[in-house]
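I have placed the structure first, in the form of structure tokens, so that the comments after it can refer back to it.
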Amino acid sequence: RLNWQIQFVEDKQEFSRFPTKAGRRSLSRSISQSSTDSYSSAASYTDSSDDETSPRDKTQLNSKGTSDFCVKNIKQAEFGRREIEIAEQDMSALISLRKRAQGEKPLAGAKIVGCTHITAQTAVLIETLVALGAQCRWTACNIYSTQNEVAAALSEIGVAVFAWKGESEDDFWWCIDKCVNMEGWQPNMILDDGGDLTHWVYKKYPNVFKKIRGIVEESVTGVHRLYQLSKAGKLCVPAMNVNDSVTKQKFDNLYCCRESILDGLKRTTDVMFGGKQVVVCGYGEVGKGCTAALKAMGSIVYVTEIDPICALQIGFRLGFFSGLLGNKNVVTRDQLDRMKNGSIVCNMGHSNTEIDVASLRTPELTWERVRSQVDHVIWPDGKRVILLAEGRLLNLSCSTVPTFVLSITATTQALALIELYNAPEGRYKQDVYLLPKKMDEYVASLHLPTFDAHLTELSDEQAKYLGLNKNGPFKPNYYRYNHPSKIPLNDTQISDLCTIYLQWIPTATAYMFSLVQSS
């Protein structure tokens, strides 16, 4: 096994162990969500002649004569390659890492099974992992997010991809199983987005799970699931939480959502935002980005929150408190019943449980498909509510996201995989770990040349005064930019908070919707 390590200016510090928080809010399991809809480039290459045929019923071969994949149409590979080449132009940091390390092959022997959104940007990550020596098998974390031509391009070069846009729930789990259950091939690393792959391996293939050398997870939902396993003493492998890295929180959650919320809404509804009254449930990093974008477009924004520190930052018309991301039934059937005709309902959380969509699938309500990812739910009195992506993640289900943002997250994931795979025995125990600030800052520094940015350097006197090394890290590992909710709580505090959540969430959200309805 190679002992290749990423070298920083100083000796690399070990990842800081993030203590398990007893009583973390449990999240309802749900299939992850996301996608690029019919207005994205993915759709323009779709061969409508075979749309009705399930890829599971086809036998396809790539140019090498292999069939270890299942995608919509392998003939779209050339178009997918063009998409990937375009994405590479704005992912210079990941390409730089690929060129720098591919001679040393730090992932030689790694067998990575991945479950993420399959887009051109993710393809750049997968091809980087392959260039660094890994064998990869991949599936989609969301039934709507796959770019079919990109999946075909990856399959053409020999990556075993099992995914297509518009999978059924049964297809979703079948694809995951096909990635994991391959005769003569056993994964030793997991890269997950949402926790579904990790859950499947843990439940269905416990012997395989015990031999995994590391798990890298990028979503709130997946991270919560890992902490639940750790708390129960069932996490038998080390796991890396990249969701709470500062670069991911800021760029993927805040800045990305600030742009993609408008993109998704415009593509699906052509709505004018000026003067619209909008309720944003939750003011974490995603909520901050969405609220800033909507307010800048002239919308009247109402925000609900459970966290008083987040609430204090809002500065907009604030009602009572309600949370969203990773929660369940934040928007309920009662509130949906009281919405005005023509109201638009969408979700920017990772799961599909935030909006109580199941309550809308009843005989008295009629569903009318308007276009891809857009449904009108019609009440008996003729009222229509516009539901986007069936309550799943809006931005990737109905639009695309900035490539530069995904480059940052992908670089973080690649470094985390390299670290876990090459870590000496004993460095990581069977627990969940956070990225250190040193690596966070390294990822950021790799992207600075894109802006022709140059850092100012502390003088020796200044560094001594601040008690810092001139080359970083510049913040302690526990520091979380605008992330007050990450402060550890004891069991009593958590119990009290859970009681508050249960008491206030229904009342708070109902109050906010009543304000909008009355005005």
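Cβ coordinates come from backbone N, Cα and C, glycine included.
Counting Cβ atoms from all protein chains shown, Thr119 (substrate binding site) has 28 others lying within 10 Å of its own Cβ. According to TrEMBL, the substrate binding site annotation covers Thr119, Asp193, Glu218, Lys248, Asp252.
Annotation comment: TrEMBL describes Gly284, Glu285, Val286, Gly287, Lys288, Gly289, Glu305, Asn395 as NAD(+) binding site.
For 28-47, the entry in TrEMBL reads compositional bias 'Low complexity'.
The domain 'S-adenosyl-L-homocysteine hydrolase NAD binding' annotation in TrEMBL covers 253-401.
Among the features that TrEMBL reports, region 'Disordered' is placed at 15-64.
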Among the binding-site residues Val286, Lys288, whose Cβ has the fewest other Cβ atoms within 10 Å? Lys288
Cβ neighbours within the same chain of Lys248 (substrate binding site) - under 8 Å, at least six residues apart: Glu218, Val242, Ile408, Thr409, Thr412
Students should find that the Cβ of Gly289 (NAD(+) binding site) has, within 10 Å, a number of other Cβ atoms equal to 22
Starting from the Cβ of Glu305 (NAD(+) binding site), draw a 10 Å sphere and report how many other Cβ atoms land inside it. 25
How long is the line from the C-alpha of Asn395 (NAD(+) binding site) to the C-alpha of Asp193 (substrate binding site), rounded to the nearest angstrom? 15
Taking Gly284, Glu285, Val286, Gly287, Lys288, Gly289, Glu305, Asn395 as the record's NAD(+)-binding set, what's the max Cα pairwise distance in Å, rounded to a whole number? 22
